[in-house]
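Asks: Once you've had a glance at the structure underneath, I'll fire off some questions.
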Amino acid sequence: MEEPGNSKYDDTLLLEQFGYKQELKRSFSLLSMCGFCFAILSCWTALGGSLVEAMNAGGPVALVWGWIIVCAFSLMVALSLAELASAYPVAGGQYSWVLILCRGTKWGKGLSYATAFIQLAGLICMGSTALYQFGSFACGLGVLNSDGETWEPKDWQVVLICWALCLVCLVINIFINKMLHHISKFALWWTIGGFIVCTVTILAVSKYKQDASFVFTGYINNSGWNNNGMAVFFLQNAAYGMCCYDAPCHMGEEMENASRDIARAVVLSVVVGFVTGFAFVLALLFCIRDLDTVAATATGVPLLEIFFQSTNNSKAGASCLLVIIMVCQFLASNGLLTEGSRSVYAFARDGAFPYQINKYMGTVNSNYDVPICALIFCAVLQCAFIAIYFGSSTAFFTVISIATVGLYVSYLVPIIVVMFRRKLKTAGYYNLGRWGLWVNAPAALFLIYTSVCFFFPTALPITGDNMNYTIAAFAVCAILGLLSWFLGGRHTYGTLTESEFLEGVRDEPVVEIVEQKR
């Protein structure tokens, strides 16, 4: 990263160059932002939660080698996003970059608007999946400690636990907002410390170990697809585990030295996520004793069954390890609500919603220094997605696919735009320079491939219970986006920023603009 002398970017002045006023408080440092991002990313817990699906669709080969492949390409995506975040540290993140890079074009606003809707769908759905994991883990603990005979969790109990957690996160985000950077620092140490405790414990305590050939070359295909078709699913579960590393991009207006440190937080989170995820997956694979029992566990939580087997059937030991992960899920849920609300706030600030909605969603409460309406909006939508679980667990699991695809597509669009409009990109602290295309192109191809894969049915033959409804859900999002656009968004979206961009932002390095302004 380039650092001109010892000077710092004046992020407030830089924000003014893009037509925005500094309203949110800058309280996050690099350390606290790394904690915020890694708590949301939490690769090792995400991989543990989707272990059985991966084992049925490729087995250890897909988990180990698929994770390495996904992380290698994800690093390229992270480098691409880091470059854009360094140049444009605004809360909107991906959709804002598209709006800035495409200024002056006839299609720029429409493309940015579509990116924003996809981005919001991904963030809100990801928040719902984090809530769901917490709720299902809590019920799994109840089953384990009641021997699976006296109590069987109902769907409504899972949903109520999720709603309660969402309410707690909402209260924290509104009334304890000034402590978020401290909570994020705690999240960093808890998530990394929890990873160490869980990994070391199961490796040290487990009396049974799988051999290395199973861990590194074992192949399982219970999906109904032939071996050629399995290529579609080889990276799916790993892709879900390596997602949400754009979190610092939406917190740029609340971070000190944002132009420099957002990029560092994004890249560091992917690197740390790869190391922790890889080590945890290896530990789980070495310690799995009975895969059939894990898949059919009465707790409904395969990871809990692995802990139970690894701790030599100790309920207390397995419960303690899962509680560590549940705290991680709580921290992730809290961070995803924060991140999602900042995207909604930025979108409304750009005049995206029809009627008077922008007035409420795009306002920061002066007493609490947070966009309260945007927070409530995100919380309500997360709870609405969780409520799908009442009717159909299969339909709800589509939310997981929407979360991953939505975020991956939102990463893809600005990367493709910057590939073709690189000469119009303002330079920041962090700049790929002549290596830009060599990083952007593989990143874009990876995002396209993995996004398409999530639309395929995960098992054959296709039935109502295993149908992939992701394409239908995306169609609903597209219809809602079009309605919002034609009901007023097309007249108000980007009008403020368009006029001020053309006057204020020039194709010069940001540091030069800031120094001239001074």
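Keep in mind that glycine also has a Cβ here, set from the backbone N, Cα and C atoms.
Taken from TrEMBL, the feature transmembrane segment covers 30-52, 64-90, 111-144, 156-176, 188-206, 262-286, 368-390, 396-420, 432-457, 469-487.
Walk me through where these features lie, including what they touch and how far apart they are.
Replies: Outside the transmembrane segment (188-206), and at least 6 residues removed from its termini, the chain residues within Cβ reach (under 8 Å) are 31-32, 34-35, 38-39, 42, 44, 272, 276, 279-280, 283-284, 286-287, 289, 306-307, 309-312, 317, 321, 324-325, 327-328, 331.
Remote same-chain residues near the transmembrane segment (396-420) are listed as 77, 80-81, 83-84, 93-95, 97-98, 101-102, 111, 114-115, 118-123, 125-126, 128-129, 132, 239-240, 243-244, 246, 385-386, 388-389, 436-437, 440-441, 443-444, 447-448, 450-451, 454-455, 468-470, 472-474, 477 (criterion: CB distance under 8 Å, separation of at least six residues from the stretch ends).
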Asks: Please figure out which one of 111-144, 262-286, 368-390, 432-457, 469-487 racks up the most CB pairs under 8 Å against the transmembrane segment (64-90).
Replies: 262-286
Asks: Count, for each of 30-52, 262-286, 368-390, 469-487, the Cβ pairs lying under 8 Å from the transmembrane segment (156-176), and report the range with the highest count.
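Replies: Comparing 30-52, 262-286, 368-390, 469-487: 368-390 has the most Cβ pairs near the transmembrane segment (156-176).
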Asks: With pairs closer than 6 in sequence left out, are the transmembrane segment (432-457) and the transmembrane segment (111-144) joined by 3 or more CB pairs under 8 Å?
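Replies: No, these stretches are not in contact.
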